[in-house]
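*Asks:* Before we start, here is the structure in question, set down as structure tokens.
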Amino acid sequence: MHTQRNYKQQLETMAHHLAEMGLKDWSQVDAGWVRQLAGKGMREGMKASSLATRLSSLRSFFDFLILRGEMSANPAKGVSAPRKKRPLPKNLDVDEVNQLLEVSEDDPLAVRDRAMMELMYGAGLRLAELVSIDVRDVHLRSGELRVIGKGDKERKVPFSGMATEWVGKWLRVRGDLAASGEPALFVSKLGTRISHRSVQKRMAEWGQKQSVASHISPHKLRHSFATHMLESSNNLRAVQELLGHENISTTQIYTHLDFQHLAQAYDQAHPRARKRSDDKSD
């Protein structure tokens, strides 16, 4: 009974809209009218789920009219309610990033953790990409990093002066922890490649230790990288390339961005691409 009442209510509402728009009967309805109806619902603040119910009722009603021979086609087919947008994770502002990254401790684990966070924010890496980096993938002198992204796609990205400095510091003490023959850049206390969960846990702990208000996660650092780069450079294509997004192959058909171009855009825009003169972390 509840479903029948709801269905009847939906049709009465739509009949009212039909009259408002000067249409005399349902046979005059076309896809444009259905889209207008959906747009009106959105402007009035209707939830996506409620709008989907309205459109579903309309499609069923038109199917009924087609069976009765009163309509030849269903104008509501192909018109769907917009999907509920997933909220983007909140990014850190530059001051919060600086507060997080003021890790001055010099024990190997602290050096490792700062190097990981500097690299995550400095190169906009995914967590899986950070964990999978081998020592041979890092080129400190040129500030280049070889990354294997989604779908085993390889890309080369520049990384910031601060990240270069701290990855260098980590490499100098890495031997204190790494097992013999271990290729991973970042290792755990056991000497083997660090796990995803350990990175997440350590970053969250550093966020609390550094009194950063926001919860710190690897994805939040990547999102902050993208946001700050876009704010500074307004170069969406370069940021897409640096992040290794799937649609970059399509973008490259029209815009051929070579590594020099990317590195130049990066150096001009990234807030930590140059070491600050007052840095006292040595």
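Just so you know, glycine gets a Cβ as well, placed from its N, Cα and C.
Here's the feature list from TrEMBL:
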- Arg126: active site (ACT_SITE)
- Lys150: active site (ACT_SITE)
- His219: active site (ACT_SITE)
- Arg222: active site (ACT_SITE)
- His245: active site (ACT_SITE)
- Tyr254: active site, O-(3'-phospho-DNA)-tyrosine intermediate (ACT_SITE)
- 1-66: domain 'Core-binding (CB)' (DOMAIN)
- 87-267: domain 'Tyr recombinase' (DOMAIN)
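What does the local environment look like for each feature on the list?
*Replies:* In three-state terms derived from DSSP, Arg126 (active site) belongs to neither a helical nor a strand segment and is classed as coil.
For the recorded site, Lys150 (active site), the DSSP three-state label reads helix.
His219 (active site) falls within a helix when secondary structure is assigned with DSSP.
Long-range Cβ proximity for Arg222 (active site), meaning a same-chain Cβ under 8 A and a gap of 6 or more residues, is found for Met120, Tyr121, Gly124, Leu125, Arg126, Leu243.
Close to His245 (active site) in the fold, though at least 6 residues off in sequence, lies no residue with a CB less than 8 Å from its CB.
For the domain 'Core-binding (CB)' (1-66), the model's pLDDT averages out at 78.
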*Asks:* Within 10 Å of the Cβ of Lys150 (active site), how many other Cβ atoms can you find? Include all protein chains, please.
*Replies:* 11
*Asks:* Using the alpha carbons only, what distance in Å do you get between Lys150 (active site) and His219 (active site) once rounded?
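*Replies:* A Cα-Cα distance of 15 Å.
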*Asks:* Relative to the Cβ position of His219 (active site), how many further Cβ atoms are located within 10 Å?
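*Replies:* That number is 13.
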*Asks:* Within 10 Å of the Cβ of Arg126 (active site), how many other Cβ atoms can you find? Include all protein chains, please.
*Replies:* 17
